[in-house]
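Chemist: Have a look at this one before I ask anything.
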Ligand code: FES
């Protein structure tokens, strides 16, 4: 074992030193000159100290209350989608700003509370120190830990129960809020809506029990204007984005708007060039109508719209992370990029009036995650 250098106590002497002595030793060893090191409130229990304590506790209390408000809003504020034409739209539209503002205020109040605690109670220190190279030695670590503990003790945190309780309340509620926020999206009952298009198991292409026809319509920019798609509307090698439409929805602005907005509804209708002879997926050999193939537009990686179709290669491209789905050779399997699942194919046909219709809903999950299927 090497001898301790001059001015450095041995291990035995070090173990005997009090915290205050360790603080002093630490500064001396580091060539630190403590120009100022004093308690913020040398006289305990003054009105000024109590006022400072109340201010810090007030911030933590605010953090806790806004965290509670966030939890309440997140759990109970109406957040089911309402179209701009529906009566409850205004209340629904406040949901995101309100949960953002309350969670933000909670984070801010915790931050301000911690900073004001440090400014008001941790000893005021001004030090001048020479800079050294390399890592810290054991003695430095020990004396630094003593310095931190000393500052903690002098700040009086142990006896400031108001601050401790309010900080516990603020941080506890905030932590709870973050936990609920992270897991809340999973707390949904997939069976709650029964066998309807609103169920998590289905998309807007589902056929209801009365077997009403579901047409392919385009988005003209006006939700009330219904423009149905006929095969001859699309040129060979072309494509169009389509959405579901039922005759019973005609004139119902809410339903028409919702069908265009619902995240799992968009479908890419592709007309392959004649003679393409695509490979078909087992069990889905009759999902196409002639050269017309309909695939979910929602990328199976993270849900971006796969809005580019390259007719030379027959690939659908997702612009977000460059996944490519080969429609011609591998029935929309990903052949490049991070996506790992094929785009689901929608079975289509033509009705007696010459309009393209969906024969049923998709037979597999659309997009990247089951729990995100709606809204
Ligand atoms: S979302 Fe399409 S590649 Fe990532």
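For all residues, glycine too, the Cβ spot is worked out from N, Cα and C.
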Chemist: Could you tell me which of the ranges 97-118, 119-140, 141-162 is annotated in TrEMBL as transmembrane segment?
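Modeler: Transmembrane segment, as annotated by TrEMBL, spans 97-118.
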Chemist: Examine the ranges 12-33, 34-55, 56-77 and name the one recorded by TrEMBL as transmembrane segment.
Modeler: 56-77
Chemist: Which numbers of helix, strand and coil residues does DSSP report for the domain 'Rieske' (264-357)?
Modeler: 4 helix, 33 strand, 57 coil
Chemist: Which whole number is the mean pLDDT over the domain 'Rieske' (264-357)?
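Modeler: Value for the domain 'Rieske' (264-357), mean pLDDT as a whole number: 92.
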